[in-house]
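Before any comments, here is the structure.
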Amino acid sequence: MPDAATSRAAAASTVKKWRHLAMQREVIVLLAMVLFNLIFTPHFWSLQTFNVNMTQVVTIVIVGIGMTLVVATGGIDLSVGASMAISGALAPMLFLNIPGPGGIALAFVLPVLAAAACGVFNGLLVTRLSVQPIVATLVLFIAGRGIAQVVTDGSLQAFNTPAFQWIALGKVAGVPFQVLLMLALVVLFAWIVRKTLFGQYLLITGGNEKAAYLCGVPTATVKLIAYTLCAALAGLAGLISISVNSSSDANVVGLGVELDAIAAVAVGGTALTGGKAYIGGTLIGALIIQLLRYTLLAHGIPDAAALVVKAGIIVAAVYVQRRSR
């Protein structure tokens, strides 16, 4: 009997969680957008359209995960696009000039480490020199893409390297590997935020940094790790981006991803003032941003208009957050 009672309690808890999820604003908005497209957008129901939207949302989600960590500390990272560009510029230089598996392996590792170094730079500016995050990351926002252009002499690097591009073009049981990688990262970082000491430190630091420091939380280290992880994830997203396009252009890789990532984080429910982090919410927010872009393009509205709409979404999300406090 106790086992049966326990099972019923667990089932009731599961139902309650699903009801709570279904009532969240983000989920309602996403479902409404899906319903709109099912009715008014031709071929939206096709498997091809589903795959297109899922693969295009991957980079937003991966960068958004890192942005969520930084925003949870009360900061922001405007340099994620530059980190993508640097990573995307270095990778082809490695696998095109170093033959064999060694070149491929280095092309996956070194560019991400280079991007992580950018995050360390940002973190040190914020924690050691007490520079405001928006100013600290603006440095690499401006200079980072220039570094990528200098490294490549401003030239387009085109390639056809299946072993490297498998990260974006490969499939596992018919599912794009990049989508599986994205979902794995969502699960991993959701667990880190909710179940680990670092996750607790992250939220405490963002909620009240002074109180956290007085309680013995290594706030500077927490922030440094957050910025480093954010940049490293952006570097990984850069590798996926160039793999999809079979080319690397430092002028284009990661361009505007800052706005997409911040919008995904804000729409997903993470407080831009810090202290809260919802990795799953960032996934939903990114899906909303991608679906919005697809809907506008499918109905003949230019992509430039999407920038205005996304900016409006950020403002609306911040307003809703302030009203819900």
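Any Cβ shown, glycine's included, is placed from N, Cα and C.
Here's what TrEMBL has on this protein:
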TRANSMEM  27-45  transmembrane segment
TRANSMEM  51-71  transmembrane segment
TRANSMEM  78-98  transmembrane segment
TRANSMEM  104-127  transmembrane segment
TRANSMEM  134-152  transmembrane segment
TRANSMEM  172-193  transmembrane segment
TRANSMEM  224-244  transmembrane segment
TRANSMEM  250-270  transmembrane segment
TRANSMEM  277-295  transmembrane segment
TRANSMEM  301-320  transmembrane segment
Range from 78-98, 104-127, 224-244, 250-270, 277-295 with the greatest count of C-beta pairs under 8 A to the transmembrane segment (301-320): 250-270
Interface present between the transmembrane segment (277-295) and the transmembrane segment (27-45) (three or more C-beta pairs under 8 A): yes
For the transmembrane segment (250-270), distant same-chain residues with Cβ under 8 A (at least six beyond the ends): 24, 26, 29, 59-61, 63-64, 66-68, 71-72, 76-85, 88-89, 141, 145, 148-149, 151-152, 154, 234, 237-238, 241-242, 276-278, 280-286, 288-289, 307, 310-311, 313-314, 317-318, 321
Stretch among 51-71, 134-152, 224-244, 277-295 sharing the most Cβ pairs under 8 Å with the transmembrane segment (104-127): 224-244
Any contact, the transmembrane segment (78-98) to the transmembrane segment (224-244), with at least 3 Cβ pairs under 8 A: yes
Whether the transmembrane segment (277-295) meets the transmembrane segment (172-193): three or more C-beta pairs under 8 angstroms: yes
Contact set, same chain, for the transmembrane segment (172-193): CB under 8 Å, 6 or more residues outside the stretch: 51, 54-55, 57-58, 61-62, 65, 68-69, 72, 166, 199, 202-203, 233, 240, 277, 279-280, 282-283
